[in-house]
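Written below as C-alpha cells is the structure these notes are about.
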Amino acid sequence: MDKSKIRNFSIIAHIDHGKSTLADRILELTNTVTKREMQEQLLDSMDIERERGITIKLNSVQLYYKAKDGQEYTFHLIDTPGHVDFAYEVSRSLAACEGAILVVDATQGIEAQTLANVYLAIENNLEIIPVINKVDLPSADAERVKEEIENTIGIDCSDAPLISAKTGLNVEDVLEAIVNKIPAPYDADDAKPLRALIFDSYYDKYLGVVMSIRVREGSIKVGDRIKLMANGSSYEVTELGVKNPKIVKKDQLSAGEVGWVAASIKTIKDINVGDTITTVTNSALHPLDGYKKLKPMVYCGIYPIDTNQYQDFKEALEKMELSDSSLVYEPETSQALGFGFRVGFLGLLHMEVVQERLEREYNLNLIATAPSVIYKIHLTDGTMIEIDNPAKLPDPQKIKFMEEPFVNVKIMTPKESVGDLMSLCQNKLGTYKDLQVVDDNRMMLVYDMPLAEIIFDFFNKLKSISKGYASFEYEMIGYQESQLVKMDILLNGDMVDAFSMIVNKHFAYQRGAALTKKLKELIPRQNFEVPVQATIGNKVLARETIKAYRKDVTWKLHAADKSRRKKLLNKQKEGKKKMKEIGSVEVPQEAFIAVLKLDD
C-alpha cells in the first residue's frame, strides 16, 4: 500500500453537534455502505448510544475515496466519544491519527467539552480542520462561529467547509480537505520493529478480546507472537483485519494502517488501552508515549431490588467488564439493601450508562446508593488510607486530617447566566480562577472545586440556571485538605447505612435538614411515632418526626366513663411503647433515590 495515500483522522464534536451524522454521510459518499444498508448513526453500535445520541465506545472504519486529483486514497476514520468521562479514550484515539475534523454547530458555537478535546488534539500534534455544521438551519450564524473558533483556539477558519451533515450539503468539501490538509503517516516504516498502539478493545464470544490498533512502525501478520509492553504478556495472533464497517479479514497490517487484531486473549483486563504491541522476536525498545492506567473517579453501591437476582447481577457485571476495561467492582453488603457490589466509574455519565445497560441488557432491577469519591485519610499514627465508602471511615479520634479530590472546572455560558453560575460555584465551595470573554454573547468561567460537589446535582443545576445553554468540562488537579465529616441518618434510633455520606462541614446542617425533611415526606406513617435524625457522631444536626397513626380506642365508651377511658389510653400507650422498641421501619425505594436526587 502506498503510504502517501493514507489519511488517519478523527471527528471531534460536542454532543448533538452532528458528529455521528457526518460520519454517516462520509460512509455514504465514499460508497462504503449503500443507501439501503444505511441506518442512522451507523458507527454507534449500542442501542443506548443511538438513543442518547452519544458515542461511548470507539469505532474505526476503513474507507476508499477517489479524490478530484484522480487518485484513490485510503481513509481510516476513528470515531471518538465526546463526553468528559471518556476523555482518556478520546486522547488514545487521537494518538492514532494525524488529523482531526472539528465539527461545530452553526447555531450554538463552540462548547467547553469540544475545547478540551481540541486541546488534546493539539497536544498530539494533529492537523485540525474546522467544519461548520447545520448551516441549513434558520438560526445558523456561520460567520460568528468562525470568528469564535479563531478567537478561542486560534485556528484559521477562512476556508472552513460550511456543511449540513443531515442533507449532505458540501460534505464533499470535507473529504477534499482531508486529502489536502491532513498529512500522510509520517513515521510509517515497515522495516522497523513492530510498534502498534491499542486505542480500543472489545470482547467477541468467538475471538476473545479484539484489539483496535494503529500500526506506527513495522508490520503484524497472522501467526506472529506479539507482546504487550505494559505487562509483558505474550500471545499468538490468530486473526486480524480492518472494518469497513463490516469485519474484513486480512493476512497482514503494515505501518500507517488502522485495524483489529485477535490473539485468543481471554479477559479484557489483560489489555490496557494506550499500551504498545511489539513482536516477541525483534522487539521494539521503547513503547509509544502517553499510556496511563485508568483510575475510577466515582464510586457507588449498586444492589438488586430482588435479592434473588444477586447471582444474575454478578454475572452481568462480569460480562460488562469484558467490554469496559475501566469498570471496577467488589462485593458489598448493606443492612438496609442486602447483598450488592461497590462499583467504580470514570464519572457520572459513565455511572448512568453502566447502570442503564445493566438494567436494559440483563433485565435487572437495580438501586444505587449516593455516589462518592475516593478520600485520602491521614491517621494520627502517620499512615494514610484511601476510602470510597463512608462505612469504611475510621474512628474520628484516629484521624489527623482528610483530603478530597479537586477538579478544575471550565464553564461556557451565555453572559446573562454568569452571575447565577458564579453563585452556584461558590455554593459548591469553588475557588474563582478566571473569567474569559468568548464572543459577544458567551463567557468562560474557570473554578477549582471539590469533585464530590460536582457529582452531587451540579450538572442539573447548571443546566436549569442557564436554560440548557451552558456546558462544562472538568479535569483532576489533585488532592487538597478539607473539613470533612461523616453524616449518618437514624430512623427510630437505628442507623441506616445506605444513607450515610461524607460531607463538607459547611454543608452538614443543610444536607441533614434537607434529607430528614425529604425522608419524613417519603416514609409512610407507622403505628408508632418515628424520629428521623441526621447526626455527626453523637451530635444531632436535624430532626423530623413521622407522626403515628391515631387509633381511637375510646370510640365505644360512654362519655362519663372516665376511669375506663384512662385505662384504655394507658394500655394503648404501653402497647405503642413496646411496639416502638421492637418495631422496624419500612423504608420505601423512593427514599433511597431521594438521597441521590436531593436538591439542597
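The backbone N, Cα and C atoms fix where each Cβ goes, glycine too.
Taken from Swiss-Prot, the feature GTP binding site covers Asp16, His17, Gly18, Lys19, Ser20, Thr21, Asn133, Lys134, Val135, Asp136, and the record attributes it to sequence analysis. Here the Cβ of Gly18 (GTP binding site) has 23 other Cβ atoms within 10 Å, regardless of which shown protein chain they belong to.
The feature domain 'tr-type G' is assigned by Swiss-Prot to 4-186.
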Just counting, how many other CB atoms are there within 10 A of the CB of Val135 (GTP binding site)?
-> 19
Tell me which residues of the chain lie with their Cβ under 8 angstroms from that of Asn133 (GTP binding site), as long as they are six or more apart in sequence?
-> Ala13, His17, Gly18, Leu22, Val103, Val104, Asp105, Ala106, Ile163, Ser164, Ala165
